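Some notes on the structure that comes next.
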């Protein structure tokens, strides 16, 4: 009842100019064009730094992790992104939660993602990635880390569970997993390659990638897409007419423009001009080729429900739909082994689509389990009254 009351009080944040709020209608009126220009990380995080992580022997650098952070006091919210994404997928969420709860936010690019540099980028096993998290925490805080709550989305949620189960973060006080459960994930693996092949291989610009992410429904919050997609793509030098280049992104966007405009000749002219412009610019492609990580997929998700239930800390599961809950988790939820909340009308990237609601649910979770007391949060009254 308390959760529902707060959810009913929740109001949308003011949008970034040119963006859309979560839940806003996707179609604009005639003659109006949405702004898909990229937004900088610095509008959402206070700092960005490279954190060098040593090998077990303490002599060599194992990898350099790209870390985005905000805040100096309170519990640490350690944010782990999904496969193919980057720490920037947490940008809008970070701004919302940091402005309303006194906490420290740390979002990292996982290995082979974003700007994290690692010698063996092909090793994406759950065991290796979980060890990475522990090493980054040690590099940041030494032998006495502050209280930490891990929050992971999709693949990042699975890695968070593996990290917690292996006790790589000794000061862990809570665990939040967003829209990943074993049953649904394992069922989806058979069709994952087809899904990856259906995506455009290249984009003519970052703006083009942002536009695709919104119109395809990958990210429903335009503001989040404008800062998040920059971490998912990189420049490539492949010529436009080479065999590996797909033109599907132009076709997708043109189809929607044809629905919104009646002048077919102008559409044809625009496409021709766009194609000519592409030849003058560098193309962009995906930061990581997820199709090549297939051998690790089963290791990420197999046995995940049992591992999640076995973690000896308070647990929160946020889902985009009840159909994602498998048998083990259904039983565990009935036994009160974890809290669960379904956020309808969200896509898979729940924290990007509805950052305000996710913020509120995490605050309530922290408050319930005494990780966040009123003394730690002078802004809570303002948050509840104005959220």
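Each residue's number is its place along the chain shown, starting with 1.
Each residue, glycine too, has its Cβ placed from N, Cα and C.
Since the structure is predicted, the reported quantities are computational estimates derived from the model, not experimental observations.
Record features (TrEMBL):
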| type | residues | note |
| --- | --- | --- |
| ACT_SITE | 154 | active site |
| ACT_SITE | 179 | active site |
| ACT_SITE | 348 | active site |
| DOMAIN | 77-358 | domain 'AB hydrolase-1' |
| REGION | 11-32 | region 'Disordered' |
| REGION | 256-276 | region 'Disordered' |
Distance [Cα-Cα, Å, rounded] between residue 179 (active site) and residue 154 (active site): 6
Tertiary neighbours of residue 154 (active site) (same chain, Cβ under 8 Å, six or more apart): 82, 83, 85, 178, 179, 180, 348
